[in-house]
Amino acid sequence: MAFPKKKLQGLVAATITPMTENGEINFSVIGQYVDYLVKEQGVKNIFVNGTTGEGLSLSVSERRQVAEEWVTKGKDKLDQVIIHVGALSLKESQELAQHAAEIGADGIAVIAPFFLKPWTKDILINFLKEVAAAAPALPFYYYHIPALTGVKIRAEELLDGILDKIPTFQGLKFSDTDLLDFGQCVDQNRQQQFAFLFGVDEQLLSALVMGATGAVGSTYNYLGKKTNQMLEAFEQKDFSLALNYQFCIQRFINFVVKLGFGVSQTKAIMTLVSGIPMGPPRLPLQKASREFTDSAEAKLKSLDFLSFTDLKDGNLEAGS
């Protein structure tokens, strides 16, 4: 059985894939990106080539190169590098899984295939099992995101007996708002040392109460420090302070969601906050508008995300 060097927990940044204005991958800034996550945001785990990283818009060759660059630049700086290897083609997923093992990644994750879909738990398990077997020494994580895949198999059902079929299974990236399903995943697997990683950033505090051991998300690229403060407050059982942090984070997310928020806008915000050029997304996504970026910048400033000083006073009205 594959065991991680240590349990994947805490914040995991779903990394963006930087691109040039011509739509080519800009590998030159990934080293700077690593340093920014570690030093400025306090985030030392990453999830590469997922939704935020436009993994399914990249060629297999590009996905391999991106994975290699993150592993290389993250050596001795990052704690864990998880590579998403999901694809519509089983063979491509297996190739990417094997490659992740060869380059020294710390784990692999896979979404359900979403064009010709698996409609039952057993069919999905059979697909995941074949991918996991291509990297038998790596911890395996299932990436549950039914809103995008259209695969509605409940995670609770999937986890029932999963170690019998996939002995390298180590956890779940749960990117759904169904807290009943998530809670039952935790409750029914208390004897296992699974990593339960929540993937809806604006609801993280609720998931922590339900037993989440960590979180994977796009906002941890630029709100990692703030979210870590929420985690610290929660761990210290200062639930009022933790709630204040969550509400403040929600204010920003709620604001940008109303403007239209996705991968393109995440790239624009990350460029704004970090100073590292993330570039445009790849087609069919469109570059975020100047109006969006200006509005997001104004909201960040109004929320005083640089200090959070008023949160300790429980001031939930500031910056609204």
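Note: Cβ is positioned from N, Cα and C throughout, glycine not excepted.
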Looking at aceneuramate binding as recorded in Swiss-Prot, which candidate out of Ser89, Ser93, Ser175, Ser264 goes with Thr51, Thr52, Gly199, Asp201, Glu202, Ser218?
Ser175
Could you measure between Thr51 (aceneuramate binding site) and Lys173 (active site, schiff-base intermediate with substrate) for me? Cα positions, answer in whole angstrom.
12
With DSSP assignments reduced to helix, strand and coil, which class does Asp201 (aceneuramate binding site) get?
helix
Would you list the other residues of this chain near aceneuramate - those whose C-beta lies within 8 angstroms of the C-beta centroid of Thr51, Thr52, Ser175, Gly199, Asp201, Glu202, Ser218 - in sequence order?
Ala14, Val200, Val216, Gly217, Thr219
